[in-house]
Structure formats: structure tokens, C-alpha cells
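Trainee: Pulled the feature table from Swiss-Prot, pasting it below:
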BINDING   Y9, Q54, V55, Q67, T68  glutathione binding site
BINDING   Y212  substrate binding site
DOMAIN    3-83  domain 'GST N-terminal'
DOMAIN    85-208  domain 'GST C-terminal'
MOD_RES   M1  N-acetylmethionine
Amino acid sequence: MAARPKLHYPNGRGRMESVRWVLAAAGVEFDEEFLETKEQLYKLQDGNHLLFQQVPMVEIDGMKLVQTRSILHYIADKHNLFGKNLKERTLIDMYVEGTLDLLELLIMHPFLKPDDQQKEVVNMAQKAIIRYFPVFEKILRGHGQSFLVGNQLSLADVILLQTILALEEKIPNILSAFPFLQEYTVKLSNIPTIKRFLEPGSKKKPPPDEIYVRTVYNIFRP
């Protein structure tokens, strides 16, 4: 039996959370080795385990994969979450890239100065409501299907759901003007593999707290 994927990252969301989401959506069990000290990072670097000297890193199928998007693409392609043809894969990739631009604001938010964090919440809300959510609302309204591409679950759906739910933690009514996205979010959240991931006790990480921020600084600051 093939070894389970092993994820190397601090014990928090960051750029690894999307990987956790996609593995969970695909129904793949995985292990985690949490980085807690600089010494653990140096050991990975000195052992030539990190191609570009940085995490996230995922051990899977005999490989040590780095670079978040490459990891996501590999897992999605392996588990039929990356479309049935070139056109579908291109659409999925385009939607994922746009959503990751929005998600990046959430990833960096806990590392801002306290005075800047509330301003950034306003900025995130504006970008979501004006730039990103109208695009996905139009797509769902236009084709009348349950998923963004090919009428089946894809990487694009998983990353968008992750981003929507993370935004709702900060802005509970963020979808109030988007009825199709509201329905879409409920449907996706009830897919059995995703529903299990959203339940207490799963490997889904909680919102970043001061302990996580301090740990990240201690590991990665020069």
C-alpha cells in the first residue's frame, strides 16, 4: 500500500491549508510533520529536501513536492479534480489563480500590524464583492450547474469554497448580494468528503492566532 502523503509546514493555515483542503476533498488521508523551530527547517534544507529552500513541502508518491500551485495541480490531476480536457483545465487554472490572489490577502492578514488589520478587512471585502465574487456569481448563474467547470467538483471549487468560508469568518454577510454563491457554498459544504473536513476534529486548521504568528516568525525570520 502506498504511503500516505506527509505535509511539512507549521501547525496553521498559511499556504498549506489549500493543500489540506484538496486532499480532504479527494478523500485522501494524510499525515503532518509540523515545523516548530528553525532547526527543523534547517534540517530539511541541509538534507536537500526543499528544492528552493522553502515550505510548503509534501512527500507524495516518492517525491518531495514544493511550490504550492505545483502541489495543488499534482493532487488535483491525480484525483480527477483538474478537468477532462485542455479547455476545462485552463478554465480551472484561471479561476484558481484569481481566487488565490484573494486568498493571499487572508494568508497575510494576521502578520499585519494591529492598526492595519481592520483596514485590510475592509480592503478584502471590497475586492471580494467588486472584483471576484461577481465573476463566479455570473458563471454559476450562466450555466445553471452546481460546479464551476464541467459540472463536476474541481480544484477551482475547492479553493473558492476555502476562500469564501475563510472570508465569512471575518465578514459573515460577505455573500449577501450573491444568491448563486450562497447556494453553491451550501451544496459544496455538504459533499461528504468536504463535510467531514469541516467537522470538529478534522485536520482543517483554525483561524491564525498569536501563537501561530509567533511560531512562523520564530522559524522564518532571519
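Glycine too: its Cβ is placed from the backbone N, Cα and C atoms.
In the displayed structure, how are the listed features positioned relative to their neighbours?
Mentor: In the three-state DSSP reading, Q54 (glutathione binding site) counts as coil. For Q54 (glutathione binding site), the number of other Cβ atoms no farther than 10 Å from its own Cβ, over all displayed protein chains, is 14.
Around Y212 (substrate binding site), a 10 Å sphere centred on its CB holds 18 further CB atoms from the protein chains shown. In the three-state DSSP assignment, the secondary structure recorded for Y212 (substrate binding site) is helix.
Averaged over the domain 'GST N-terminal' (3-83), the predicted model reaches a pLDDT of 96.
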Trainee: If you draw a 10 Å sphere on the Cβ of Q67 (glutathione binding site), how many other Cβ atoms land inside?
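Mentor: There are 14 of them.
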Trainee: Quick check for the class: what is the C-alpha distance, in angstrom and rounded, between Y9 (glutathione binding site) and Y212 (substrate binding site)?
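Mentor: About 11 Å separate the Cα atoms of these two residues.
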Trainee: Write down the Cα-Cα distance for Y212 (substrate binding site) and Q67 (glutathione binding site), rounded and given in Å.
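Mentor: Between the Cα atoms of Q67 (glutathione binding site) and Y212 (substrate binding site), the distance comes to 21 Å.
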